[in-house]
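Asks: What TrEMBL shows for this protein is this:
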{"type": "TRANSMEM", "residues": "7-26", "note": "transmembrane segment"}
{"type": "DOMAIN", "residues": "38-328", "note": "domain 'Plant heme peroxidase family profile'"}
{"type": "SITE", "residues": "Arg75", "note": "site 'Transition state stabilizer'"}
{"type": "ACT_SITE", "residues": "His79", "note": "active site, proton acceptor"}
{"type": "BINDING", "residues": "Asp80, Val83, Gly85, Asp87, Ser89, Glu98", "note": "Ca(2+) 1 binding site"}
{"type": "BINDING", "residues": "Pro173", "note": "substrate binding site"}
{"type": "BINDING", "residues": "His203", "note": "heme b binding site"}
{"type": "BINDING", "residues": "Thr204, Asp248, Thr251, Asp256", "note": "Ca(2+) 2 binding site"}
Amino acid sequence: MATSSVYPFYSFFIISSIFFTSHIHASQTQAKPPLVKGLSYSFYSKTCPKLESIVRNHLTKVFKNDNGQAPALLRIFFHDCFVQGCDGSVLLDGSPGERDQPANIGIRTEALQTIDDIRALVHKECGKIVSCADITVLAARDAVFLSGGPNYAAPLGRRDGTSFSTTGTKNLPSPINTTSATLDAFAAQNFDTTDVVALSGAHTFGRAHCGTFFNRLSPLDPNMDKTLAKTLQATCPDANSENTANLDIRTPTVFDNKYFLDLMNRQGVFTSDQDLLSDKRTKGLVNAFALNQTLFFEKFVDAVVRLSQLDVLTGNQGEIRGKCNVVNSGKKSILTSVVEEVVQLVDGF
């Protein structure tokens, strides 16, 4: 799609957005997020010094053949941390597990396999001392960096959980949410408005299934650019279509700030994305990030590092899994799921 339509709209916001950018630098720039007790930026420096190079080298090879795994790995990280903390619970098989819930539909099996492939390489090099939760965090970080985004230090030292939560997936922000609902979902995890807009910028790469945005096509959302609407309608004849569409129409495989330009031109795909430009609480941030990629990267890193520390297990908590999809007993972690299913049955009477 042509980009020439960006500039009239883009120019309209230059003066106000430059002011907003200056303001946010002056009033909201924060120090590096504090570390949760038990995590460290040098956790494996002596016990597994090659850890980060193993992860990055492997992902460099993977992305050469399948760059679609980069946004998939970032999504796995986010969906793991937002449900009972960054404990690798989304990686566990279940009957059903977290991945079988509606909010997690579309998580790529290839990306899950990549995480376990890295686990095998790391454990071969260093022994079974690095958790799948830590590998998931590092894979997400390198998915961002190797796609053109910021490089940043990731605190490590997480342990893997031995259970998962199917009902917890209901707390994940939905692509059909209004900004108010999105802000509420993140506020429950102590993230503010700047965090929400910055983390939403993760949609600057990756693809989405028709069912996640068909609500904007039938009936047609008047806030959607007409050319984009026609393209998406051709891609998605109905909500059940297995087709997918790029979340960022300008640079769909690059982690940059073009997603925010999309929003300024009514070319966001999800309701939750485009509504950020309509809400007065988030509109200024969208404009600022569209004008200043460095600012976006700064705020994204701040938020994602704090996200990576949600409700982590450290010390003697949890375990270090020998395989990322099962607990160390070799049994599938179904206890949490079974308990929740019983509760749901009781609630149904």
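Each residue, glycine too, has its Cβ placed from N, Cα and C.
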Asks: Where Thr204 (Ca(2+) 2 binding site) and His79 (active site, proton acceptor) are concerned, what is their Cα separation in Å, rounded?
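Replies: Approximately 17 Å lies between the Cα of Thr204 (Ca(2+) 2 binding site) and that of His79 (active site, proton acceptor).
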Asks: Can you tell me which recorded positions out of Arg75, Asp80, Asp87, Glu98, His203 are within 10 A of Thr251 (Ca(2+) 2 binding site) by Cα, answering none if there aren't any?
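Replies: Of everything listed, nothing lies within 10 Å of Thr251 (Ca(2+) 2 binding site) (Cα to Cα).
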Asks: What residues, ordered by sequence, lie under 8 A Cβ-to-Cβ from Asp248 (Ca(2+) 2 binding site) and sit at least six positions away in the same chain?
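Replies: Once residues fewer than 6 apart are set aside, Asp248 (Ca(2+) 2 binding site) is near His203, Thr204, Phe205, Lys258, Tyr259, Asp262.
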Asks: Measuring Cα to Cα, how many angstrom lie between Asp256 (Ca(2+) 2 binding site) and Arg75 (site 'Transition state stabilizer')?
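Replies: Just about 16 Å between their Cα atoms.
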Asks: Sequence gap of 6 or more, Cβ distance under 8 Å: name the residues on the same chain that satisfy this around Ser89 (Ca(2+) 1 binding site), in order along the sequence.
Replies: Asp80, Val83, Glu98, Gly161, Ser163, Phe164, Ser165
Asks: I want the residues beyond Asp80, Val83, Gly85, Asp87, Ser89, Glu98 whose C-beta is within 8 angstroms of the mean position of the Ca(2+) 1 site's C-beta atoms, in chain order.
Replies: His79, Cys81, Phe82, Gln84, Cys86, Gly88, Val90, Gly161, Phe164, Ser165, Gly168
Asks: What is the number of other Cβ atoms found within 10 Å of the Cβ of Asp256 (Ca(2+) 2 binding site)?
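Replies: Its Cβ shell of radius 10 Å holds 19 other Cβ atoms.
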Asks: Quick one: Cα separation, Asp87 (Ca(2+) 1 binding site) versus His79 (active site, proton acceptor), in Å?
Replies: 11
